[in-house]
Amino acid sequence: MVINIRPDEISSIIRKQIEGYVPEVKVVNIGTVPQVGDGIARIHGPNKVMAGELVESEDGTIGIAPNLESDNVGAVPTGDGLTIQEGGSVRATGKIAQIPVSDSFVGRVVNALAQPIDGKGQIPASEFRSIESPAPGIISRRSVYEPLQTGLIAIDSMIPIGRGQRELIIGDRQTGKTAVATDTILNQKGKNVICVYVAIGQKASSVAQVVNNFQDRGAMEYTIVVSETANSPATLQYLAPYTGAALAEYFMYRKQHTLIIHDDPSKQAQAYRQMSLLLRRPPGREAYPGDVFHSHSRLLERAAKSSLQLGEGSMTALPIVETQAGDVSAYIPTNVISITDGQIFLSADLFNAGIRPAINVGISVSRVGSAAQIKAMKQVAGKLKLELAQFAELEAFAQFASDLDKATQNQLARGQRLRELLKQSQSAPLSVEEQVATIYTGVNGYLDLLDVEQVKRFLVQLREYVTTNKPQFGEIIRSTKMFTEQAEILLKEAIKESTELFLLQEK
Ligand SMILES: Nc1ncnc2c1ncn2[C@@H]1O[C@H](COP(=O)(O)OP(=O)(O)OP(=O)(O)O)[C@@H](O)[C@H]1O
């Protein structure tokens, strides 16, 4: 075979390529690593690195540069960083830490870098969001006015939470803090709220338990779990809540309602303390770095109720903080108390006495949520708080008195039944109409005929009776959001009929 080589054709191709050449100058900002260890790398040389910029070492390890000093940059690798070599080079990427975001994240379990860890494959995403982004300003917000129902009577009636609010859940270890938060997620089923559960520094088994619970109850359909367990590098534990907030923001700015649980920022603060001390930042109170308040406030301030122009999406944040022996005046608890719009205080004494959820109503507050409570709840719940407060006072003083007058005895009996009414099993949230029916029954004395130990059983039966035999009651509350006369008549009939039934059964 003879190949015909035509020099003019070849030269025209070469000429075209030369004409089409666009010189591209790429400036790479490189430094060397004089020292690496304890999860920190000092980088010498790169100029113009941004605070929090991503840096990449020769072996492909990505790190974040939080510490900018005059002659070096302190960086923390996002993995264990064991393959970074002393004397190796590091490149500044020009990018601030960011994660991919998309609707496909719903139903998945991811790590602090938004990579899937549930073994269900890659998550498609076409957009990126910075892990840290500025909180919405005053003009982009509107005041909280819609309720976020937790499904727990004690909270929804007396410490109500509104969409866009930040409410702290605080208490000693093993007092049911996580249970309150997860019940709130379970209660969002069918309410069009995307939930993000951020687990920081927990045991992997606890996170697996929470995820299984969500899966069993169909809550994963609207939930994203971000998890960095206790054995993860401190950097990732520190970043996890910001990643969670970025995912929630993606939905909030798409006009959706979101709920984010940070479980818990005290462990994040400990990870941050570890990072800061290794970076040789000066230690402050309890050896935390001076800007630990700022790190929590810029995280929680991102929760908001968006203005009308921005589409009225919302991000409700429920951070959880663990106290030691009920001490709320420690550094991190006081910080987070002052950042949030109120706190739900869980007490170990109540928990051990079998009052669960162990909410201490006396010292729990919600500063904005009452504006969001529906009218029907306001109508019945006002009396509940007052009666419980009077009961708490009487109970303390009745311990010393031997014979009490009839009125006091009655008030004590009422209080005991109301306290019983607030008890709720885990993973059994109640709808708002069920709560209204329950509270009305208690505050109007219909439970006084029963023994204290019968109350819980009776209320379960009553709620079932109302749902099946008086469905109009629920319809009225849902549609008008008011406890109308008609609703009251229906409820009174239901109480009368189911009490008769209950007493017959108990005989
Ligand atoms: N309402 C409830 N009724 C019965 N048991 C409950 C209730 N709430 C929580 N519990 C149980 O109490 C235990 C502690 O709950 P949980 O893990 O939520 O507490 P925590 O304060 O988050 O604990 P930790 O200190 O480990 O974070 C769990 O075994 C949980 O099942």
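Just so you know, glycine gets a Cβ as well, placed from its N, Cα and C.
In the structure as shown, the Cβ atom of ASP172 (ATP binding site) sits within 10 Å of 18 other Cβ atoms. Residues or ranges marked as ATP binding site in TrEMBL: GLY171, ASP172, ARG173, GLN174, THR175, GLY176, LYS177, THR178.
Shown for the domain 'ATPase F1/V1/A1 complex alpha/beta subunit N-terminal' (29-94): DSSP residue counts in helix, strand and coil, namely 0 helix, 37 strand, 29 coil. For 29-94, the entry in TrEMBL reads domain 'ATPase F1/V1/A1 complex alpha/beta subunit N-terminal'.
Feature annotation from TrEMBL assigns domain 'ATPase F1/V1/A1 complex alpha/beta subunit nucleotide-binding' to 151-366.
On the 0 to 100 pLDDT scale, the domain 'ATP synthase alpha subunit C-terminal' (373-497) averages 91 in this prediction. Marked as domain 'ATP synthase alpha subunit C-terminal' by TrEMBL: 373-497.
Counting only same-chain residues six or more apart in sequence, the Cβ atoms lying under 8 angstroms from the Cβ of SER364 (site 'Required for activity') belong to MET158, ILE159, GLY342, GLN343, ILE344, PHE345. Annotation comment: TrEMBL describes SER364 as site 'Required for activity'.
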Residue among binding-site residues GLN174, THR175, THR178 with least C-beta crowding, 10 angstrom cut-off: GLN174
Of ARG173, LYS177 (the binding-site residues), the residue whose Cβ has the fewest other Cβ atoms within 10 Å: ARG173
Per-residue Cβ crowding (10 Å cut-off), top of binding-site residues GLY171, GLY176: GLY171
Three-state secondary structure, GLY171 (ATP binding site) (per DSSP): strand
Per DSSP, three-state class assigned to GLY176 (ATP binding site): coil
